[in-house]
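First comes the structure, then the notes that go with it.
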């Protein structure tokens, strides 16, 4: 019995590692959503579309301007973040005094429009985007599997970006402004902080995180207009499980659920695509504010 | 005579459809401690919030150092040199004591140095790493006052700093207000307790139904007790 279990684990280790790679995307995307929700109280349903835009901007930079992967990793989040500034300034900022539902409906509509435009322009079959040369070549031997270098990089980059975001929010003066404004924005503004500008830049930063994840995803998934919408539903489940607005919750839950998904593929593959939603239902029943959220 | 540091004329303020201030007129000269006395709901807190730009709609005139601020956003008002210590204290739960203390940006030179603030409030230094809301009520009030001392704001508006505090803490707050006055700060204080107010203030305005109905200097206060009892219902 034990031997059988160990054998199954050994067979399943690659799935677990791949689950970690998926978890990296869950973590990055839910982190952006958490940053935006914490500050703006807006459930950014356009996050998947902005993730997709990140991948497409990287593709455009390469194919139209000849700019490769590494500069795109910086440029694409900046470009998509600037688009976020435009969206926040012209549309989202008008909804802050209304119920959360309006923000959700607006961003849902935006997601459909953005996706439609890209589908119309680029079709839905997907466009190839090669990983950078430095991360190509033979896969890394982990002992129990060969892992393409690029996938290893995705996990490292997601962890690094999550840590950097956490450090900015928890350990810097800007982060203190953000945390305080999440509690009482009017008072922070009455101390002399330009809160409206901070809100705009926070939205841009959250959108930039989605675009960063999009660039990371481009060489793994083909660059296509639906790549965000298929992922975003799972990411929303991750956010609900972690707790809306919790930075630490997003990262831990993102990677954790990636692993759980991987493990489920080993032990009960039929449930692998639903396990996250089952966990979400249980967490909502037992702890509605999420595992790391404040009630 | 030089223009007062703060001159409020015919200030009207609304929360949604509710008209709260019906033409407030007050003046605060540099270096003074001035109180707004009045019953609950008279409009004292709303006056401070309206000066700070924290009400939905306002009209009239709020001039600070000669500069009109009635249409300005609250962050600009803060940067002009006015700071508010709100009634509910506004200590942030997700920030520790030091982070709370260092949160308001410096708006100009002339604020107190951190060491001087710690000398005035030694408890805050001892509890530097505690979450802000784990402090006692008195310590939270000290933190809320300390926080606006280092920004360089010239006019400090304190909203009921003694509310709900033990007498020994109230005395300490009184000493603090006298100390900050001695350091040259100007204070606009909202109080319900005029016995406390008379120990720290130079002048008093009595507020009723969103307007000033009387003004008494501290020297005249003893002779005006009957009037004050009528106004304040005590």
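Including glycine, each Cβ sits where the backbone N, Cα and C put it.
Curation plays no part in TrEMBL annotations; they are all automatic predictions.
Residues A:201-221 are the range that TrEMBL records as transmembrane segment, among A:180-200, A:201-221. Looking at A:121-148, A:233-260, the range tied to transmembrane segment in TrEMBL is A:233-260. Within its own chain, the transmembrane segment (A:12-35) has Cβ neighbours under 8 Å at 43-44, 47-48, 51, 142, 144-145, 147, 151, 154-155, 157-159, 161-162, 165, 169, 202, 205-210, 212-213, 216-217, 220, 231-232, 234-236, 238-239, 242, 244-247, 249-251, 253-263, 265-267, counting only residues six or more beyond its boundaries. A contact between the transmembrane segment (A:233-260) and the transmembrane segment (A:266-286) is present, since 3 or more of their C-beta pairs, 6 or more residues apart, lie under 8 Å. Counting C-beta pairs under 8 angstroms (sequence separation of 6 or more), the transmembrane segment (A:68-87) reaches the transmembrane segment (A:201-221) with 3 or more such pairs. Contact between the transmembrane segment (A:42-62) and the transmembrane segment (A:150-169) is not supported, since fewer than 3 Cβ pairs fall under 8 Å when only residues 6 or more apart in sequence are counted. Residues of the same chain lying 6 or more positions beyond the ends of the transmembrane segment (A:266-286) and with a Cβ under 8 Å from any Cβ of it are 8-9, 11-12, 15-16, 234, 237-238, 240-241, 257, 260.
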